[in-house]
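Data first, discussion second: the structure below is written as structure tokens.
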Amino acid sequence: MSTEEQNGGGQKSLDDRQGEESQKGETSERETTATESGNESKSVEKEGGETQEKPKQPHVTYYNEEQYKQFIAQARVTSGKYSLQDFQILRTLGTGSFGRVHLIRSRHNGRYYAMKVLKKEIVVRLKQVEHTNDERLMLSIVTHPFIIRMWGTFQDAQQIFMIMDYIEGGELFSLLRKSQRFPNPVAKFYAAEVCLALEYLHSKDIIYRDLKPENILLDKNGHIKITDFGFAKYVPDVTYTLCGTPDYIAPEVVSTKPYNKSIDWWSFGILIYEMLAGYTPFYDSNTMKTYEKILNAELRFPPFFNEDVKDLLSRLITRDLSQRLGNLQNGTEDVKNHPWFKEVVWEKLLSRNIETPYEPPIQQGQGDTSQFDKYPEEDINYGVQGEDPYADLFRDF
């Protein structure tokens, strides 16, 4: 669904079931959790609305000032390129607690984009200012075939606007739910593309921190695009912040220990497990029990998992950081060289010169919304001028 790609190619199906549902917005079926500076203890919602407190933890990321200067020097300027008048708002693609995502069309080049709109007052009230600014920064730095592209940002007195690629094929999550589970070659294909995206992010000292099927979109050809960088962060050494989606959170995060890129490889293992099994290994309807299982439960496999994938997952979903693949001396190479990935030609995959296992049934080319749910449209009040009490908090937008 990249705004730079041309439509084409025949339609393929996976188990004769087709992916649909909403363009990725700010929230999804499995809610994320986060702490931020000034909000160090986290209330974790339980079934029935009860809450339990997670332990307080420091909000610290270790790096020196010179390192950070070199990192942000890579960033593209995102503000000043566009304004609301440059686009026609067509329909809502997704909604969330911070705002909504719209399908828009440029009045200049006719291309379709996704516009993520966040309400400043809500972002501030929910203490997500740092994560919102980090999302803009990370997306202004990354450029990769399997990662969403942000084209620019702007703001008014009440909202923040982020202009992104529009990805027509929908969420991997939707396809997985319709398919119940993926055959081994299909899961391997998506996992390999995710692996390359993680390798790229980690090469820039960015940890993603919220890997799950809901945050993976499929373009018109069936290749992935990782989206939603709200929890991504520059971490050259270690950090402490509790964030992520409970089923996917690594044990070192749950136990409030310092962590680094290792947490993405744990989540990568959970992703592979869910794609193959149709469920996550430590799921419980009670979030606190999920955390307990992550810390203590034995990793069990369905009988149809083959030996190679069981070996890979046992090396990814391990609490021993000295044994977790991706976190060892050879980094991502240890993951890519595992026998489960032996058929993957990584160079061809990176160049997208490989047939995908599923091609979304897009009929009308760019701007097609057939893979997304419909949302009730609301009267919008964008472009508000006047006093902005939060101007200093979002100055880079």
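Even glycines carry a Cβ here, placed using N, Cα and C.
From a predicted model like this one, the values you see are computed outputs, not experimental measurements.
Of the residues proposed, LYS116, LYS120, the one Swiss-Prot records at the same ATP site as LEU93, GLY94, THR95, GLY96, SER97, PHE98, GLY99, ARG100, VAL101 is LYS116. Here ASP210 (active site, proton acceptor) is positioned 19 angstrom away from GLY99 (ATP binding site), judged by their C-alpha atoms. Between THR95 (ATP binding site) and ASP210 (active site, proton acceptor), the C-alpha separation comes to 18 Å. Spacing of ASP210 (active site, proton acceptor) relative to SER97 (ATP binding site) is 17 Å (Cα to Cα, whole number). Secondary structure from DSSP puts LEU93 (ATP binding site) in a beta strand.
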